Amino acid sequence: MSCGTGGSSCETPRRRGAFVVLAILALIFIVLSIFSFLKSRGQVTPDTVSFGPYQAADGKRVFQAYNCMGCHTMVGNGAYLGPDLTEEYKHAGPAWLAAFLPSAGGWPTTAAVRAQLQDPNQSADAGTDSIDAYLKKFPGAAERIERRGGGTTMMPNLPLTKDEIGQLIAYLKYTSAMNTEGWPPKVEVDGFDRRVQLAHGVVATAQAAPAPTTAAPVPAADPVAHGAQLVKDNGCVACHAADDKKLVGPGWGGLYNSKVSLADGSTVTADDAYLRESILQPNAKIVAGYPTGVMPAYGTLLKDDEVNAIVAYLHSLEKQ
Amino acid sequence: MQIEYQTQRLSMRFFMLMLVLFIIQVGYGLLLATQQVDPTVLAGTVNFNVARAEHLNLGILWILCGFIGAILFVGPLLAKREMVAPWLIKLLFYALIVIALWNFFTLRLAQVGIAGWWQGQPWLQQGLEYLEAGRIAGVLVLVGFAILAFVVLRTFPPVRQWNEIHWGLGLGVSALMAVWVFGLFYVERLDLQEYFRWFVVHYWVEGVWEVIHITLVGFLLVLMFKVDIKSVGFAVFWGVMLVWLSGLIGNAHHYFWIGTPEFWQFWGSLFSALEPLPLVFCFWHIYLDAHVNKRPLENAPAFYFILGSVVLEQIGAGILGFSMTFALTNVWSHGTWVTPGHGHLALFGTFGMLGIAAAYFAVPIMRKVTNYDQRLGKLGFWLVLTGMLGMAFAFNVGGTVQIYVYRILGLDWFGGDVARAMGVFKLLLPLFGVVFTIGALVVAYDLITLGRRVSVPAGADVHGASADIHPATRWGRPLSGFEAGIWLLMMWVFGAIITLSLLSFNLPRVRVAGDPTLPYLLAGVGYPGLMLVTLLFVWRFLASMEARANVASTPSLLRVLPAQA
C-alpha cells in the first residue's frame, strides 16, 4: 500500500507486473480453449447429423432465424418462457416434433403423431412405424400426448415450411446428441404420478387436459357428430379452425361448395371429391397462399366411413 | 461547478437519448412480465421473443448512451482540452438513433423466420441472446465504437501523461470495440457459437463495462467530493486489475454446460469466485470517498444513483453472481429464473444507474441550474431501487420453485406444471415492474424537464423531508466504517444462505426423495433478507449523507460539536 499516495514512480512497474500476470492467465485460457475444440474431445458437430434429407447445420440457421432462443433456452442459454430444447428430440422424438412444429399452438394427439410415422423419413429415423413402439421408445412423447394431447399451448403458430421443420428436427437431433457434461441434470425422483403430486399436491389425472388419447370408435349414429369427434382425435383442429380463419391451414367454415383458388392458379369447387382428396392426399391440390407438404397424408389412417363422417361434418360448418 | 469546455455539452443529447431508449426498454419489459403471466397477450403481434430481443438490445444501447454521455462530459476535463472532431460525435449520435430504429424493424422479422442470409451471414437479425441484431447493425455498431475510441484516444494527452482514470477509460473504449468483433461472424457449431457469444457478452460486462464503470464512478467521486485524484486512481487501478485478473478466466463459468469439456468447471468455479473482489473493493471505496469530507450533498440524486450503482453491483453482480458461479450451484440455477434475478440487478443496477447518475450530475451543470428541486430525483431513485429489488426477488424465488418443479421433478410442461407452481412469483414480477416503471418515468421526466420547470426560489426546501436524526433509528448520525463493514457482512451472510440454498438441491433428500423444504427455506430467508438489507443499507447510508445538509443549514455554532468535527 506504499503506493497509496499515488507516487508516479511506483505506478509503472506495478502496471507492467499486472499485465504480465494477465498475459499468463490469457495463455492458460487460450490453451484450455484449444483443448476444448480438438477432435479428441469427441464432441458431435452439426455436419455429421441429419434427419432424412435434412442437415442439422441448416436447422441451426432456421433456429436462429425464428429466434427460438428468445423464448426457450438451448444448452441453458436463452429466455425462460418455455422449456429447454437441448434434449427435446431425445425425449419426444422426430414424429412428435413433426406433428407439433407446424401447429405449435396445439398439442399433438396420438393420431397426429401416427400420421407423421407414415413418412418414410420418420419411420427410418424413429426406427419404427408403429405408434406403440414409438411411444415406448420416446416416453416424453407418450407423456405429452397423454397429459396435453389435443389441448392448446402457449406458443404462437409459426409459418414454418416443410423443409424448415425437417431441418429443425435435424438440429434438435444434433443438440440431443451433444455431450453437455451432464446438463440438464438427470431427474432422480421416482414415479411420474408422485412427481406431479409433489409439484401440485394432487394426482396427475386430476389436471390432465380432458382429451381422449385414443380414437375410440364412436357409434356412428350421427355422422356430423362423429366427424366432429374425429377431427379432434386426429389433431386436425390444431391447424384448421371451424370458422374461416387461417390458423395454419385453411379454415373450414363455409368451405363446402365454395370456390377455392389453388397455388397453381386454377380454381376448384370444394365439393365432396375435393374434400376427400384433401384429407387423403393433401398435397395433390394446394390452396393458394399455403405451403406444400406441411399436412401429413391420412390415406392409410382413416377408414372410408370416417372420411365420410369428416366430410359430413365439414358440410355442417357455416361461414362465420 | 461550471462547464469548462464547450464540447462537454455534446453529452446532453446522449443523456436525453438514453432516457428515451430507457423508457421504451422499460415498456418492453412490462410487456414481457405480462406475457410471462399470460403468454397469449399480444401473441402474433409482438411475440415474446421479439419483445425480449428489443428489451435486451435497447438495454445495451441506452447503457452505452449513458457511458458515451458520461465519457464526453468528463473527457475534456481529463484531457484539459476540447474533444477532437465534434462532428464525429454528432455522427455517432445519429448512428445510434438509426441503429435503434433499424433494430425495431429487423428484430420483428424473427416472427416470420427471416434472418437475411447472404454470404453465410445473417444480415437482418440473428436470434442470439444479447446479439439479436443482424450483421448490418453489428457493423454499424462497430463503426460507432471505432468513432468513440478514436475521439477519446485522440483527445487524451500522450500515454506517458496518463493517470489511472485515463488508463481506465482508454482501455475501456478500446476493448469495447475489440471485444465486439467476436460477435460479427456466424458459427456453425453450437458449442463454438456459445463460446464466442460469451466472449462478447461476458467480456463486455465483466471486462469492459466494469472497467468503464469503476473509472467513471471514481472520477465522478473526484468531481463531487473533491477527492484526491491520486487516491481514487489507486482504487481504480486495483479495481480494474482485479476485474481483469478474475474475469479473464472467470468467463469459464459460461462454459460449464455448453458442450465444452469438464475442466472448465474447475477453472470457472475458481476464478469467477474471485470476481466479487473488485466489487467489494469498489464498494469500500465509495464509502471512503464519500466520507473524505463532511460537506453536505450538493447534488443528492447524482450521489443516490452512484451509491445505488455500487450497491446493486455488490449484490447483483457480486453476491448473486457468486451464489451461482460454482458448477455445483450453477447446474441448478442455469437456464432458470434465478439467472435474470442476477442479470437485472447487475445490468440495470451497475451500469444503468451509473448512466442516470452521470446525467443527474451533468445535466444541471449544462443547463446552468444551481438550485433544482431534488425531491423528484430522490423519489425516482427509491421507486426504481425498490422496483428492481422486488423484481429480483420475484425472479429468484420464482426461479427456486422453477428449479424444483422443472429440474428436480422433471416436469417440463411450462403451461401446466412449471408456470402453475411459480404462479405467485410470476404475478409479483409485473407488480414490481409497475413500481419500477413509475420510477423510470419520474426520473426521465425530471431529467428532461430539469431547469425548464418553474424555478425554485432561493432558500426553498429542495431536499424534501427534513433529515433530522430519527429518534428511534438515529440513522442520521454519521456512518462509521465499522458499521458499513457490518452491513456488507450481513449482505454476504445472506449471500451465503442463498448459495447454500442452490447447493442443497444436490442433497439426496431433495434430489432423490423430492423434499424441497431445505432449499425453499434457505431461499425464503436468503433472497428477501438480501433485498431488505440492501434497501435498509442504502437508506442508512443516504440518511447519514442527508443529515449533513441539516448540519450545514444549522447555525455555525453547532458545527463545532464533536460529533461533526
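Note that Cβ sites are derived from N, Cα and C of the backbone, with glycine treated the same way.
Taken from TrEMBL as is:
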- B:1-448: domain 'Cytochrome oxidase subunit I profile' (DOMAIN)
- B:12-33: transmembrane segment (TRANSMEM)
- B:59-79: transmembrane segment (TRANSMEM)
- B:91-114: transmembrane segment (TRANSMEM)
- B:134-153: transmembrane segment (TRANSMEM)
- B:207-225: transmembrane segment (TRANSMEM)
- B:232-252: transmembrane segment (TRANSMEM)
- B:302-325: transmembrane segment (TRANSMEM)
- B:345-367: transmembrane segment (TRANSMEM)
- B:379-404: transmembrane segment (TRANSMEM)
- B:424-445: transmembrane segment (TRANSMEM)
- B:484-505: transmembrane segment (TRANSMEM)
- B:517-539: transmembrane segment (TRANSMEM)
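Tertiary neighbourhood of the transmembrane segment (B:207-225): same-chain residues 1, 63, 67, 70-71, 74, 77-78, 164-165, 168-169, 171-173, 175-176, 179, 232-233, 235-236, 239-240, 243-244, 247-248, 278, 282, 285-286, 289-290, 292-293, 295, 298-299, 302-303, 306, 309-310, 313, 350-351, 354, 357-358, 361, selected by CB-CB distance under 8 Å and a gap of 6+ residues from either end. Confidence annotation: the domain 'Cytochrome oxidase subunit I profile' (B:1-448) carries a mean pLDDT of 94 in the model. A contact links the transmembrane segment (B:379-404) to the transmembrane segment (B:517-539), because at least 3 Cβ pairs that are 6 or more residues apart lie under 8 A.
Note: the stretches the transmembrane segment (B:134-153) and the transmembrane segment (B:232-252) are not in contact (fewer than 3 CB pairs below 8 A, sequence gap of 6 or more). Long-range contacts of the transmembrane segment (B:517-539) within the same chain, counting only residues at least 6 positions beyond its ends with a Cβ under 8 Å from a Cβ of the stretch, are 307-308, 311-312, 315, 319-320, 341, 385-386, 389-390, 392-393, 396-397, 400-401, 403-404, 475, 487, 490-491, 494-495, 497-498, 500-502, 504-505, 507, 509-510. Outside the transmembrane segment (B:59-79) by six or more residues, the chain places 4-5, 7-8, 10-12, 14-15, 17-19, 21-22, 25, 89, 92, 96, 99-100, 130, 148, 151-152, 155-157, 165-166, 169, 173, 209, 212, 216, 219-220, 223, 347-348, 351-352, 354-356, 358-359, 361-362 with a CB less than 8 A from a CB of the stretch. The stretches the transmembrane segment (B:345-367) and the transmembrane segment (B:232-252) do not meet in space: the count of Cβ pairs below 8 angstroms, excluding pairs fewer than 6 apart in sequence, stays at fewer than three. Counting only same-chain residues 6+ beyond the ends of the transmembrane segment (B:232-252), those with a CB under 8 A from a CB of the stretch are 163-165, 167-168, 171, 198-199, 202-203, 206-207, 210-211, 214-215, 218-219, 221-222, 264-265, 267-268, 270-272, 274-275, 277-278, 281-282, 285, 289, 325.
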